[in-house]
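J.: Residues or ranges marked as Ca(2+) 3 binding site by TrEMBL: ASN298, GLU327, ASP329, GLU376. Sequence annotations record features per position, and here TrEMBL assigns substrate binding site to LYS425, LYS427, SER502, ARG529. Taken from TrEMBL, the feature Ca(2+) 4 binding site applies to ILE632, ASP634, ASN658. Summarising the annotation, TrEMBL assigns compositional bias 'Acidic residues' to 435-456. Feature annotation from TrEMBL assigns compositional bias 'Basic and acidic residues' to 457-466. If you look up TrEMBL, you'll see 1-116 marked as domain 'PH'. TrEMBL lists 126-161, 162-197 with the feature domain 'EF-hand'. Annotated domain 'PI-PLC Y-box' per TrEMBL: 473-589, in sequence order. Residues annotated as domain 'C2' in TrEMBL: 589-718. Sequence annotations record features per position, and here TrEMBL assigns O-linked glycosylation site to SER177. The feature region 'Disordered' is assigned by TrEMBL to 433-466.
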Amino acid sequence: MDGWTDRSTSGCVDSWMAEQKKRWLEGQMPVGSAPCPAVLVPHRQTSPPSAPVSISDVETVREGHQSEVLQSLAEEFPPERCFTIVFYGRRGNLDLIAGTEEEAQCWVQGLRQLIEVATSMDQRERIDQWIRDWFQKADKNKDGRMNFKEVQRLLKMMNVDMNEDHALRLFQAADKSESGTLEGEEFVLFYKALTERKEVQSLFQEFSEDGKKLTLLELVDFLRQEQLEEEGTEELAMELIDKYEPSETARARHALSADGFLMYLCSPEGSIFNSQHRALWQDMTQPLCHYFISSSHNTYLIEDQIRGQSSIEGYIRALKRGCRCLEVDCWDGPNGEPIVYHGHTFTSKIPFREVVSTLGKYAFQASDFPVILSLENHCSMEQQEVLAQQLKDILGEHLLTTTTDGRVPTQLPSPEELKHKILLKGKKIGRLEDTLDGPGDEAPDVSDDDNGAEAEEEKRRMKKDRESLAQALSDCVVYCKNVSFRGFQEARNHSRPSEISSLSEAKARKLIRDAGNEFVRHNTWQLTRIYPSGMRTDSSNYSPQEMWNAGCQIVALNFQTAGMEMDLCDGLFSQNGHCGYVLKPSFMRDEGTLFNPSDPSTWQGPGPVTLTIQVISGQQLPKVANSKDGAIIDPLVRVEIHGVPADQAHQETKYIENNGFNPHWDETLQFQLQVPQLALVRFVVEDYDKTSRNDFVGQFTLAFANIKPGYRHIHLLSKDGTSIPPSSLFVHIRITEPPGPEQD
């Protein structure tokens, strides 16, 4: 997109878009560099795009007034002419207004087709596209060929510090026409020589008798011996050959060439992440409190907590990432309409109605399982009535207003039972049983402590709630009634699974330190929400791991802030179909558990698991953002274990000087895990700097339970959590279980 002026075009826009698509598919045009026949509208006060936008950076296109900017222009421009380009990660959206409705449709449909093409490319097509992109970047005079000077510039751009004589030898070997330039297939030959993977070739030859191919049986041997694939190995081998072998002849003979072998290792099946765990694989019929739940703090903010912008975009982004607990702070607004913002600050304001409409539209796009709306209610009685009415009118049947069976719950319902339901978390007048037909068959006994002074206290609270809380809003709260935390014993005495307490990070840490086992037990039957300290005005985050260690389900983070904490969150919830719910380990679902996160000896396990990671090599690592032009990175790999305190650890490789293209480490790191069920493993690549802090290059985080052993690629993510293909690490993983008890 090249400019912010009116670039309206006349003539046949369809043929124009078809031509752009054709040129892009044929590699004649840098992805995203097409001229724009529309008025460009800046998102808030962001700068216009100064460089071509890559189609691979575009997540989706929304039609109509689907942003604050376009909504503010609704009277001036009809929705049929408006659309929004949404990018991956935390990058701001791009709002556009076309000259005509037909022109808008042309752009929307054309972009969607290009996005579909980009996302449906297989491994080989992605590599081909990547090669074309580099060729176009380096071909300065755009003559379709590359001289040696351009090749040298390309090597620097690709993070390669290569001896000039060696580079010239590769160049001349690829220059079959001896023209002094590389074009077409010659450049492909040069690229292949540049990217030759000797470590993969060596592994291939170890299992290939003739050194040219892997027969079906040889591939089966590799899958069993190295990848530890156990069941259906022959069928898997056949599938891999059919899917990744480029040669039809080899496919017909059920053989895998060296090229096919590399493609398999770079594929999802060759990833460190167990591809079967990407889909929904856990039991979803247990009570809500038995799951970790992806949760956002002050979801409406997309910047800091004091002056930042409030936006419905915060809700859309969180929901599309699988977030299942959102927060909304409501205050009285003008014209009887409640507004959402961070009270007593300079953050901007958005209508509550827009937040609920957004929730209604996006709640179940990424996940079918329930959404919890955490309501911070600062409204007058009159505007509370409006809150309740808007929730009911807009959400309709999705809003849960009674228990699933109409009876008093003895335990929380499951995510499966609550599919496509939105649960309101907030204050409630009185007890849930007062509004239902009567207790269930196994309703808890009322203890003697409920008499006398405690009964008086209950009445006093109800009277106070009736004075400050609208009955209509109270009635919308069913399974998530906010209550103040007054200790584990008092909570147990009342034994109401439908109540929930919110704790600051500092309060939660103290409870973990002073009463770790009690906290874990409490979280086996009731929900707990943790939120960041009010001192985090910059929207920084605390580590969610220490809260998950105690079984806390709703660990709310500032989703807008990238960093290690959000990497852990994304790493945990990237499994189980990205549904926002992850089942807790069995010892954290047992009300009689002895487990204390600060004392792993309280967990009766067979002993520590040994995780051995051989960090072999890296491939096409990106340059550091905002680095000096031409600076080539000195990469190192750090592996971090995040888990119970006894398991917290990190180790790192040495750094490789001036090679971000194909660094080789061949170093082995080893970790002992006492409680592997709670462990997350984070791989971080950094650019070593001896005089200042290392610069971030890329990372990948996953739960230990999702690791596949053997030779695996780790596909790196940016600081924003978006993919940066083809950047990867090549590793070998070995997991050693402790020996079982000896048999008599």
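Numbering starts at 1 and runs along the chain as it is shown here.
Backbone N, Cα and C define each Cβ position, glycine as well.
Model, not experiment: these values are computed from the prediction.
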J.: Other than its own, how many Cβ atoms are within 10 Å of the Cβ belonging to ASN298 (Ca(2+) 3 binding site)?
T.: 27
J.: Within 10 angstroms of the C-beta of ILE632 (Ca(2+) 4 binding site), what count of other C-beta atoms is obtained when all protein chains are considered?
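T.: ILE632 (Ca(2+) 4 binding site): 23 neighbouring Cβ atoms within 10 Å.
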J.: For the domain 'EF-hand' (126-161), give the DSSP counts of helix residues, strand residues and coil residues.
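T.: So the domain 'EF-hand' (126-161) is made up of 23 helix, 3 strand, 10 coil.
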J.: In the same chain, who gets a Cβ under 8 Å from the compositional bias 'Basic and acidic residues' (457-466) while lying at least 6 residues past its ends?
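T.: Residues 427-430, 450, 474.
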J.: Relative to the mean position of the Cβ atoms of ASN298, GLU327, ASP329, GLU376, the recorded Ca(2+) 3 site, which additional same-chain residues have Cβ within 8 Å?
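T.: Once ASN298, GLU327, ASP329, GLU376 are set aside, the remaining close residues are HIS297, THR299, TYR300, VAL328, VAL340, HIS342, SER374.
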J.: So among the binding-site residues GLU327, ASP329, GLU376, ASP634, who's got the most Cβ atoms within 10 Å?
T.: GLU327
J.: Could you work out which of the binding-site residues (LYS425, LYS427, ARG529) has its C-beta surrounded by the smallest number of other C-beta atoms within 10 A?
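T.: Least crowded of the binding-site residues LYS425, LYS427, ARG529, by Cβ count within 10 Å, is LYS427.
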J.: What subset of the recorded positions SER177, ARG529, ILE632, ASP634, ASN658 lies within 10 angstroms of GLU376 (Ca(2+) 3 binding site), using C-alpha positions?
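T.: Of everything listed, nothing lies within 10 Å of GLU376 (Ca(2+) 3 binding site) (Cα to Cα).
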J.: What are the sequence-distant neighbours of ASN658 (Ca(2+) 4 binding site), meaning same chain, six or more residues apart, C-beta distance under 8 angstroms?
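T.: For ASN658 (Ca(2+) 4 binding site), the qualifying residues are ASP161, ILE632, ILE633, ASP634.
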J.: Determine the C-alpha span of the substrate site listed in the record, that is the greatest distance between any two of LYS425, LYS427, SER502, ARG529, in Å to the nearest whole number.
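T.: For the residues that bind substrate, the greatest Cα distance is 14 Å.
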